[in-house]
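Peer 1: So Swiss-Prot lists the following for this protein:
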{"type": "DOMAIN", "residues": "1-25", "note": "domain 'C-type lectin'"}
{"type": "DISULFID", "residues": "C2-C13", "note": "disulfide bond"}
Amino acid sequence: DCPSDWSNHEGHCYRVFNEWMNWAD
């Protein structure tokens, strides 16, 4: 599961930092 402030897309969790996105499994 993703942290509550992260989003999920196609099975990957990601979090937006301003204009940057950090992708994580």
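In case you wondered, yes, glycine gets a Cβ from its N, Cα and C as well.
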Peer 1: Look up C2 (disulfide bond) in the DSSP assignment and reduce it to helix, strand or coil.
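Peer 2: Its secondary structure by DSSP: coil.
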Peer 1: Other than its own, how many Cβ atoms are within 10 Å of the Cβ belonging to C2 (disulfide bond)?
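Peer 2: Here the count is 13.
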Peer 1: According to DSSP, folded down to helix, strand and coil, what is C13 (disulfide bond)?
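Peer 2: DSSP assigns C13 (disulfide bond) to strand.
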Peer 1: Looking only at Cβ atoms, how many others are within 10 Å of the one on C13 (disulfide bond)?
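Peer 2: Excluding its own Cβ, the number within 10 Å is 15.
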